[in-house]
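Chemist: After the structure tokens below, expect a handful of questions from me.
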């Protein structure tokens, strides 16, 4: 037993040592550049999938293995670690840092609550829509790219109940079990006969003291970033009505948490900067096929927005039915006459929004720069009309989306965060010059691990090209051309969806892109036909608690069981793959003329005799 315990403790160390040793016969026996590159690829892939080493550290292995094997010079490998992708990421994170610093996300979240309402079904839709809206603003690759800081919002509204920070209600039931470091909270349950939030009287039917342990969960990996409630109920046997209400609120808690977690991922599909997988795909595609200029911010938005909306709606229906029942009357009653409880909760939300006051100068500047960045992205080369890039005909293709992101990002370091204000005497008050964001604040949000990880993926892709490993893989995959195209796409989607449940999304897409690109070339199919659905499906990490940090955090509080997440995630995985398959076989086809093998893709003679 001691030996077994030692092996368990040092399992990561043993994996780090044994993996290169067990794979060493590959380059020693075959002695070709393809085998040496494959050896490097296998070692890095295993370390990425098992996370025996930090992802960024594993990504640095090609930097010294390729020169030692004579595949690429050190200078060539180093150039792969900083590309156009990194400049785009820097510009987006400048915007993210400003949104985070000036709490603009809180204003957006509260405004969405006011627009949609506080009905439980509406709460789920609001959670989905708000997370979707905020995730569209940039890449979540680093867990803070455009995500607000750990939950700062002090209000949560579940089923007409409101959780408020101190100073909100005049009285109320004290919540126990809040994590240290978070503000104290009170619960105000609005009831038409027994309690209103305005007078702060106690609702005797609620009886929370000593019986409810409510924990406030900060979701640092989710875009909505409000404070959500996970309730561990240890109530003694009670009346049937009270038990029914407990079951209802338990289902609401599950739906709310899963809605935010899942919609943050779904919202990232919408834009190139929405997820690291989209960015990695764009950089890989533009590097491998430089003659094709069809993938940009506008074209990706057009192809992905219908997918996002359909998956979002179907996911809401699925979660609503799974945990709250399929009740059309309650699901679609938003906007109708509100109950007293809902009116009281809505009043509290409006009060909290008023406390924010008018938009501050930094918030206005951040909003203007965000809109400007988005407009410039869409209008650079829209396709159906000349974009602003046509103003530089001598330098066609020189400016990319990273150019826009970097120009706008630099403005955050230039524009002052404060303006002159006048005193009662009419004199100007001079403040010290401070920009909207500082370099220290930017560094705290910059996802250096993701930047190095992506660079390692680009180095591996370059090594596969130089060593001819990609051509060898393409020749071995050419017999797949005898299968129906939809089946090849479906198999690719299912494989990446399965792998991404146990591996990080960036690592998964980095491993599979160099494999799927030669596959498409080998069977003479437009590479976008396979790469687009595979990229989208890599983000579908909904099934397991370990699939992504959001799932892990929600699960760690004990409110959701593994089966809850498996049932919910399996349904959304199926929905996602089905919608992506429908999209790639219908409306995406005319956007890129997918049924025609493009001139920008290399032609590989087919060796398939069938």
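Glycine too: its Cβ is placed from the backbone N, Cα and C atoms.
TrEMBL entries are annotated by machine, without manual review.
What TrEMBL shows for this protein is this:
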TRANSMEM  12-30  transmembrane segment
TRANSMEM  37-65  transmembrane segment
TRANSMEM  85-104  transmembrane segment
TRANSMEM  252-280  transmembrane segment
TRANSMEM  300-323  transmembrane segment
TRANSMEM  360-378  transmembrane segment
TRANSMEM  398-415  transmembrane segment
TRANSMEM  485-516  transmembrane segment
TRANSMEM  528-547  transmembrane segment
TRANSMEM  568-592  transmembrane segment
Chemist: Take the transmembrane segment (398-415) and find every residue of the same chain, 6 or more past its ends, with a Cβ under 8 Å from one of its Cβ atoms.
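Modeler: Here the qualifying positions are 84-85, 87-88, 90-95, 97-98, 272-273, 296-297, 365, 369, 372-373, 376-377, 380, 389, 392, 435-439, 442.
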Chemist: Quick check: do the transmembrane segment (485-516) and the transmembrane segment (568-592) share at least 3 Cβ pairs under 8 Å, counting only pairs 6+ apart in sequence?
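Modeler: Answer yes, regions in contact.
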Chemist: Spell out yes or no: are there three or more C-beta pairs under 8 angstroms between the transmembrane segment (252-280) and the transmembrane segment (300-323), with each pair 6 or more apart in sequence?
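Modeler: Yes, the transmembrane segment (252-280) contacts the transmembrane segment (300-323).
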Chemist: Same chain, outside the transmembrane segment (360-378) by at least 6, Cβ under 8 Å from its Cβ: which residues?
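Modeler: Residues packing against the transmembrane segment (360-378) from afar: 91, 95, 98-99, 101-104, 107, 137, 296-298, 301, 388, 401, 404-405, 408, 411-412, 415, 417-419, 436.
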Chemist: Under an 8 Å Cβ to Cβ limit, what residues of the same chain, 6 or more beyond the ends of the transmembrane segment (37-65), are close to it?
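Modeler: 12, 15-16, 19-20, 23-24, 26-27, 71, 74, 77-78, 81, 448-449, 452-457, 459-460, 463-464, 466-467, 469, 499, 502-504, 506-507, 510-511.
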Chemist: Other than its close neighbours in sequence, what residues sit by the transmembrane segment (300-323), given a CB gap under 8 Å and a spacing of at least six beyond its ends?
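Modeler: Residues packing against the transmembrane segment (300-323) from afar: 121, 124-125, 128-129, 132, 251-252, 254-255, 258-259, 262-263, 266-267, 269-272, 278, 282, 331, 378, 532, 536, 567-568, 571-572, 575-576, 579-580, 583, 587-588, 591.
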Chemist: Please report, as numbers and ranges, the same-chain residues at least 6 past the borders of the transmembrane segment (528-547) whose CB is under 8 Å from any CB of it.
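Modeler: Distal contacts: 262, 265, 268-269, 275, 277-278, 281, 285, 294-295, 303-304, 307, 485, 488-489, 492-494, 496-497, 500-502, 505, 508-509, 512-513, 516-517, 519-520, 554-556, 562, 565-566, 568-570, 572-573, 576-577, 580-581, 583-584, 588, 592, 594.
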